[in-house]
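Step one of this worksheet: look at the structure below.
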Amino acid sequence: MDELTTSSFKTTGSKWLLPVSDFFGFPLDQVNFLACQVFALGAAFWFRLYLSPQFSSPVVRHAVATLFGLSFVIFCFGWYAVHISVLVMVCYRILVTADIHNIHRYTMIMAVSYLAVCQVSRVFIYNYGILSTDFSGCDLTISKGRPGSKPSLIEYLSYNLNFLSILVGPCSHYKDYIDFIEGRHVQRRLRRLSASNTGQNGYDKVSEPSPMAAVTRKLLICGVCMVLFLTLTKAFPITYNVDSHFVNEAPFLTRLTYAFFSIQAARPKFYFAWALADAINNAAGYGFKGVDEAGQVSWDLISNISIWGIETATSFKKFIDNWNIQTGVWLKTVCYDRAPRYPTALTFILSALWHGVYPGYYFTFITAIPITLAARAVRKNVRQYFLSSHPVKLVYDVVTWAATQLCICYTVMPFLLLAVEPTMQYYRSMYFHIHIISILTVIVLSQSHKPRGSSSNGTKPGPYDPHPQAQPQLQPSNNNVKRK
């Protein structure tokens, strides 16, 4: 019943590893993916040590990264690789020929493909000057300055098809990627941090830090997630939530409890994929973020998850902020910050388009709209009454954590069930209770909030909540960090 857990799952990719797939009972497409990522990890170390900018030209590094990436796509998807290749070439053509005033027209035409949405947004970013020479690379605010020079074909192909991120991501800034290829990634970020935080000019005396500690830590996380996947995920299959006997015989609280644990058990698969992708980028020397005041080096510039942030999230917004981080930043930049009306709804709809064509994706992201609005309303109207003391605040945090996890469970279930029929069966078994509660919450609290006037927060809220968390400041260290 679950196409993600049957070894007979068909793939258009290579059949070379079919004996391995049959032996372990894993789908061939997952075996191919894992084989490519393991190869990519080894290739990343080689890329950093033997094809470093000191020994190889940027053109060679671009070419090798692109060829490896294309090989992975062909190995995993077979002739489907034509799809992404054609899209990349079409979008490059738009990039080098289109006038800035026509970018929106091209975006709407190409939006029929979720992949094209991502590709055309790169064209959009170029033409609006994000790549101008004064771009810091530390945020996604669109610059109104003069656009930078357009990339060569090999640069654009490498950025889109490089083996470090072709299969899983993460998405990253073009400027950061080019700095990495040309050997300026670490020193330029140290210079930016030095200029913005300390005003010191000692950045050029700091040797490039080694990513080995970060790679080792992330590979250990991968190992733990793999064990959890092979145990918990198998023990709590998602499809049991819509098993007819279970739905008809088990009481509501039992079904709710099983749904909670099955969703928790499904996460290690995603943690594994993103942590491994992050480790691959770090192994190649990409992803350096900075050094904190204690001298600790961070290689989380393009990290896609914060497991601790996900598991301890006390709001819908905090959960989303720590899940698929780079895609969330991209969605905020290209949609939420630019939408004149209904930014939350439009951002979630674009996210559904970005993910693909399965109906479950649309159920998930459309359901997330009223839940997000309800969570925002509760925080705005209720949270202030629970800040009087630490014990009271702790009770509020525990309750909101439980509510957040249950809402995430309800929201994400269709994403994993994929089809319409099991999704509706699940909703009926849950009596649509989250839909009903969230819509009523929005109606009641929005009405009660009106007489109090507008919010004191004059800035536009984020796509999920008006209270973003402050991030720790990273600064360059005066201590030399030796490269391994």
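Just so it is clear, glycine is given a Cβ too, placed from its N, Cα and C backbone atoms.
Among the features that TrEMBL reports, transmembrane segment is placed at 31-51, 63-95, 107-125, 219-240, 360-378, 398-420, 426-445. If you look up TrEMBL, you'll see 449-459, 470-484 marked as compositional bias 'Polar residues'. According to TrEMBL, the region 'Disordered' annotation covers 449-484.
Counting residues 6+ beyond its ends, the transmembrane segment (360-378) has Cβ neighbours under 8 Å at 315-317, 344-345, 348-349, 351-352, 404, 407, 410-420, 423, 434-435, 437-439, 441-442, 445-446, 449, 461, 463-466 in the same chain. Nonlocal intrachain contacts for the transmembrane segment (219-240), taken as residues 6+ away from its ends with a CB within less than 8 angstroms of a stretch CB, comprise 1-2, 5, 246, 258, 261-266, 268-269, 271-272, 275-276, 279, 307, 413, 416-417, 422. Take the transmembrane segment (63-95) and the stretches 31-51, 398-420, 426-445: counting Cβ pairs under 8 Å, 31-51 has the most.
Counting same-chain residues at least six beyond the ends of the transmembrane segment (426-445), those with a Cβ under 8 angstroms from any Cβ of the stretch are 241-242, 247, 252, 255-256, 259, 367, 370-371, 373-374, 377-378, 380-382, 406-407, 410-411, 413-414, 417. Beyond the transmembrane segment (31-51), the same-chain residues lying 6 or more positions past its ends with a Cβ under 8 Å from any Cβ of the stretch are 11, 13-14, 17, 20-21, 24, 60-61, 64-65, 68, 72, 75-76, 163-164, 167-168, 211, 276-277, 279-281, 283-285.
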